[in-house]
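First up is the structure itself, then whatever we jot down about it.
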Amino acid sequence: MDHAPADQEHIANATLGQGAGYGVVLGLGGAFAIGMIATTFILKRYNRELQTSEMFNTAGRTVKSGLVAAAVVSSWTWAATLLQSTGVCYRYGVSGPFWYASGATVQIILFATLAIELKRRAPNAHTYLEVIKARYGTVAHLVFMVFGVITNILVSLMLIVGGSATLNALTGMHTIAAIYLLPLGVIAYTMVGGLKATILTDWAHTFILLLIIIIFALTAYASHDLLGSPSAVYDLLVEAATRHPVDGNKEGSYLTMQSREGAIFFVINIVGNFGTVFLDNGYYNKAIAASPVHALPGYIIGGICWFAIPWLTATTMGLAGLALENNPRFPTYPDRMLDSDVSAGLVLPYAAVALLGKGGAMATLLIVFMAVTSAFSSQLIAVSTICTYDLYRAYFKPEASGKRLIYMSHCVVVGYGLFISTFSVGLWYAGISMGYLYVMMGVIISSAVLPATLALLWSGQNKWAAAGAPVLGLATSLTAWLVTSKKQCGELTVQCTGSNIPMLAGNVAALLSPVVFIAILTAIFGVDKYDWKSMLEIRRGDDHDLAQEAGVDLEDVNGGHEETQAEFEAEQSKLLKAGKISRWTTVILALAFLVLWPMPMYGSGYIFSKPFFTGWVTIGIIWIFGSFIGVGLFPVWESRATLTRTCKYIWKDLTGKSHIKTIHAQEAAVAGTPGDQTPPEKAGLKEEVRSS
C-alpha cells in the first residue's frame with residue numbers, strides 16, 4: 001500500500017536519489033554523533049567534567065546566556081517551524097508567516113519569567129514535575145507527569161513524522177526507513193554527553209540552519225533569475241491572487257494581514273504553543289542548566305532571535321512557492337499542490353527545488369535534518385529526566401546512586417527513541433500528518449498550562465485545583481473539539497477534525513476552561529497558604545560513587561566547590577531582581593508581537609504596496625542576520641576564554657610540552673584546593689529568603 005502523496009513522485013524523480021537520503025541520515029548523523037562524543041571526551045580530559053548524573057541531566061547548571069539562547073532556538077525550531085510555517089504562508093499569504101512566528105515567540109519570552117522562578121524557588125530541581133510533587137503531593141504529580149510525557153510524545157512524533165515525510169519527498173527514501181534511522185545518531189550522542197552534548201549540538205545545528213536560511217532569502221530576493229527582487233516576487237503574487245484568490249483574505253490578496261483563516265490559525269497556534277513550551281520539560285531543562293544570571297537574557301535573546309526563523313523562512317519559501325508554482329520548474333506544474341501535500345509540509349522542499357534545483361533539495365534536506373535531530377535530542381533528555389527522577393527515584397528507588405541514575409537515563413533514551421519511531425510508523429499508516437498533530441496538540445495538553453504556571457507564581461492554588469483543573473479541562477476541550485466537528489461535518493474524519501473551526505473550539509476550551517475550574521475548586525477547598533519551603537528541599541543526585549570510581553573528588557570536577565550559604569543568598573537576590581525585570585520585559589514584548597505590530601494592519605485591511613513589501617522583506621533579512629549574531633556568533637564570543645584555554649591544553653598535550661595532569665595540578669596549586677571547609681547546609685537559610 002503506497003501512502004506517499006501522488007505529487008511526491010515528481011520531486012523524488014527530479015532531484016535527489018535515495019543515496020543522498022541515507023548519506024545525510026547515516027553519514028551526517030554519524031558525524032555529529034562522533035563529534036559530540038569527542039567533545040564530551042575533551043570536556044572530561046581538559047575541563048575536568050565528570051559525567052555524573054547531575055552533569056548528564058543538568059549540564060552542571062553553569063551554561064551561559066549565549067548557549068542557552070542557541071539551545072532555546074534549536075529546541076523550538078522543529079520540522080514544523082520550517083515546514084508548517086511555509087505551508088501556512090502558501091495558504092494565506094504574508095500574514096501566515098507572521099501569525100506563525102508571533103504566535104509561537106511570545107511563549108518563549110513569557111517562559112523567561114517561569115525559568116527565573118524555577119531557579120529561585122527550586123534551585124536543585126531536575127524537572128518541573130519535582131516542583132509539583134514537592135508542593136502538591138503524589139496525585140497532582142502523577143497528573144502532571146501524564147500531561148508532561150504526552151507533550152513530549154506529541155512533539156517527538158511531529159519531528160519524526162514531518163522529517164521522514166520530507167526525506168521521502170526529496171530523496172525517495174522509504175518513509176519507514178527514515179523514521180527508524182533519523183533518531184539513531186541523536187540517541188548515540190545524547191547517551192554519551194547528556195544535556196551538555198545536546199546544548200552544544202543545538203548551537204552547531206542552529207549555526208548551519210541560519211546560514212542556509214540566509215542563502216534561501218538572498219537567492220529569492222536578490223539573485224534568482226526568475227525572482228531576484230522583492231519587486232518581482234510582488235508582481236508574481238499579484239498574478240497568483242488573480243488565478244486563485246484566497247477565501248477570507250481582503251480582496252483575495254496574498255499581500256494583506258487581514259486573513260480570516262490566518263487569524264483562526266493564529267489563535268490555534270498561540271494556544272497550542274503555550275502547552276508545548278510550558279509543559280515540555282525540555283525548556284525547564286534549559287532553565288535548570290543555565291547559570292542563575294544567564295537564564296533571563298538567554299530566554300529573551302532566544303525568543304527574539306527565533307522569531308526571524310519561521311517569519312523569514314516562510315516569507316521566502318512560501319511566497320516563492322506561490323510565485324513559481326505556475327512555472328515548469330515547480331515539481332507539481334501545471335497543477336497546484338494538493339492540500340494533503342501542504343499539510344504534510346512539502347511546500348518548502350517543492351519551493352526549494354524550484355528555486356535552486358538539486359542544491360535547494362539538498363539545502364532543505366540539511367535544515368530539516370538539523371531541525372529534527374536537535375529538537376529530538378532535547379525531547380530525549382526531557383523524557384529521560386522525567387523517568388529517572390520523577391518515576392524511578394521518586395517511587396521505586398529514592399536512594400538510587402548516581403551510577404544507577406545514569407544507567408536509567410541511558411535506558412530511557414534508547415527505549416523512548418524506539419517507542420517514538422514505532423508510534424510514528426503507526427501514524428504513517430493511519431495517514432496522520434505533521435500538520436494535523438501540530439494543531440491538535442493544544443486540545444490535548446493546554447488544560448495543564450495555567451495550573452502548572454500558578455504552581456510557581458501563586459501560593460494560593462490548592463492541590464485539588466492543581467490536580468483537577470487539567471483533567472476537567474481536557475474533558476471540556478475534547479468535547480468541544482469533537483462536538484464542533486460532528487456539528488460542522490456530520491461525521492468524525494481526519495479531514496474534518498483537523499479543520500480550523502473544530503480545532504479552534506478545542507484549543508480555546510483547553511486553555512481557558514481551567515480558569516473556571518481553578519476558581520470553583522479554590523472556592524470549594526479554600527485558598528492555599530503555601531510557604532515555598534518544600535521546593536527548597538528537593539535534593540541533587542548523589543554522585544560520590546561515580547567520583548570514587550573515577551578516582552577524583554567531586555569538589556575538583558564539574559565546576560568546583562559546593563555552594564555556601566552566603567553564595568546561595570547572593571544568588572537568590574540576583575534571581576529576585578531578574579524576576580522583577582522579566583515580568584515587565586516579557587509582557588511588553590508579548591504585547592508588541594501580538595497586538596501593537598499586527599493588529600493595526602489586520603484591522604485596517606491594508607494590502608501591501610510594492611515599497612511596503614520591499615521594506616517588510618528587508619526587515620526580515622536584517623533580523624535573520626541579527627539572529628545569526630545572537631545565537632551563532634555570540635555564544636562563541638561569550639565562551640572565548642574557555643575555548644582558548646581548552647585549545648591551549650590540547651596543543652600542549654598533543655605536542656608533549658605538558659601532560660594534562662600536570663596542568664591541572666599547577667592550576668590547583670595556584671587557585672588553592674577547593675573544599676577545605678564544609679559549607680553550611682541550605683536548610684539553615686533565613687526565613688526571608690524562603691518566603692520572598
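Think of each number as a place in line: the chain as shown, counted from 1.
Glycine is no exception: its Cβ is also placed from the backbone N, Cα and C atoms.
Here TrEMBL flags 683-692 as compositional bias 'Basic and acidic residues'.
As annotated by TrEMBL, region 'Disordered' applies to 671-692.
The feature transmembrane segment is assigned by TrEMBL to 20-43 (among others). Here the transmembrane segment (20-43) has Cβ contacts under 8 Å with residues 49, 51, 167, 170-173, 177-178, 181-182, 184-186, 188-189, 192-193, 196-197, 200-201, 204, 362, 365-366, 369, 373, 646, 650 of the same chain, all six or more residues outside its ends.
Same-chain residues lying 6 or more positions outside the transmembrane segment (63-83) and placing a CB less than 8 Å from one of its CB atoms are 104, 108, 155, 158-159, 162-163, 166, 196, 198-203, 205-206, 209, 277, 282-283, 286, 289-291, 294-295, 297-299, 301-303, 305-306, 309-310, 313, 345-348, 367-368, 371-372, 374-375, 378, 434-435, 438, 627, 630-632, 634-639. According to TrEMBL, the transmembrane segment annotation covers 63-83 (among others).
Here TrEMBL flags 98-118 (among others) as transmembrane segment.
The feature transmembrane segment is assigned by TrEMBL to 139-161 (among others).
The transmembrane segment feature in TrEMBL is assigned to 173-192 (among others).
The transmembrane segment annotation in TrEMBL covers 204-222 (among others). For the transmembrane segment (204-222), same-chain residues at least 6 beyond its ends with a Cβ under 8 Å from one of its own Cβ atoms are 32, 35, 70, 73-74, 77, 228-230, 233, 309, 312-313, 316-317, 319-320, 352, 355-356, 360, 363, 366-367, 370-371, 373-374, 617, 620-621, 624-625, 627-628, 631-632.
If you look up TrEMBL, you'll see 296-324 (among others) marked as transmembrane segment.
Proximity of distant same-chain residues to the transmembrane segment (405-430), defined by a Cβ-Cβ separation under 8 Å and at least 6 residues beyond the stretch ends, is recorded for 3, 51-53, 56-57, 153, 156-157, 160-161, 164, 175-176, 179-180, 182-184, 186-187, 190-191, 194, 379-381, 383-385, 387-389, 392-393, 437, 494, 541, 546. Summarising the annotation, TrEMBL assigns transmembrane segment to 405-430 (among others).
Sequence annotations record features per position, and here TrEMBL assigns transmembrane segment to 436-457 (among others).
Here TrEMBL flags 464-484 (among others) as transmembrane segment.
The transmembrane segment feature in TrEMBL is assigned to 504-527 (among others). Residues 264, 267-268, 271-272, 274-275, 439-440, 442-451, 454, 460-462, 464-465, 468-470, 472-474, 476-484 of the same chain lie 6 or more positions beyond the ends of the transmembrane segment (504-527) yet place their CB under 8 Å from a CB of it.
Feature annotation from TrEMBL assigns transmembrane segment to 612-636 (among others).
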| message | Checking distant contacts: for the transmembrane segment (173-192), what same-chain residues at least six beyond its ends satisfy Cβ-Cβ under 8 A? | response | 3-4, 18, 21-22, 25-26, 28-30, 32-33, 35-37, 40, 160-161, 163-165, 167, 198, 201, 369, 372-373, 376-377, 380-381, 410, 413-414, 417, 420-421, 424-425, 428
| task | With Cβ distances under 8 Å as the criterion, find the stretch in 98-118, 464-484, 612-636 that has the most pairs with the transmembrane segment (296-324). | result | 98-118
| Are there at least 3 C-beta pairs under 8 angstroms linking the transmembrane segment (464-484) and the transmembrane segment (98-118), leaving out pairs fewer than 6 apart in sequence? | no
